[in-house]
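Colleague: Before anything else, here's the structure in question.
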Amino acid sequence: MNLMLTLFTNATLASLLILIAFWLPQSYAYAEKVTPYECGFDPMGSARLPFSMKFFLVAITFLLFDLEIALLLPLPWAIQATNLNLVLFMALALITLLALSLAYEWIQKGLEWVE
């Protein structure tokens, strides 16, 4: 009963949000709206600065490794196994996979800022 109530509530809420988004007026972007505003003056230069692809790749790599560590920390409590050796083996396998991934990134020069 509890599961059915939760599913019904979630489906109703999702449908309600979809209907609200459908009926709300759409805002349209036009040339004046998307141009940068600098205190009423004409812009001196382009507001669209080039984005460093190296920074983006390092940031994505950091996020992946950070999420893996965040998943590794609560592993003993999440598994709740009676066999401690199994938990230690799984944690060691995950750490080994992370170390191999880091070594691969290092060898491929994925962590270098300047070439």
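For all residues, glycine too, the Cβ spot is worked out from N, Cα and C.
Just lifted these from Swiss-Prot, have a look:
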- 3-23: transmembrane segment (TRANSMEM)
- 55-75: transmembrane segment (TRANSMEM)
- 87-107: transmembrane segment (TRANSMEM)
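Mind running through what each feature is packed against?
Modeller: If one looks beyond the transmembrane segment (87-107) by at least 6 residues along the same chain, the residues whose Cβ comes under 8 Å of a Cβ in the stretch are 61, 65, 68-69, 71-72, 75-76, 79, 81.
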Colleague: By a Cβ-Cβ criterion of under 8 Å, what residues six or more beyond either terminus of the transmembrane segment (55-75) are in contact with it?
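Modeller: Hits for the transmembrane segment (55-75): 87, 90-91, 94-95, 98, 101-102, 105, 110-111, 113.
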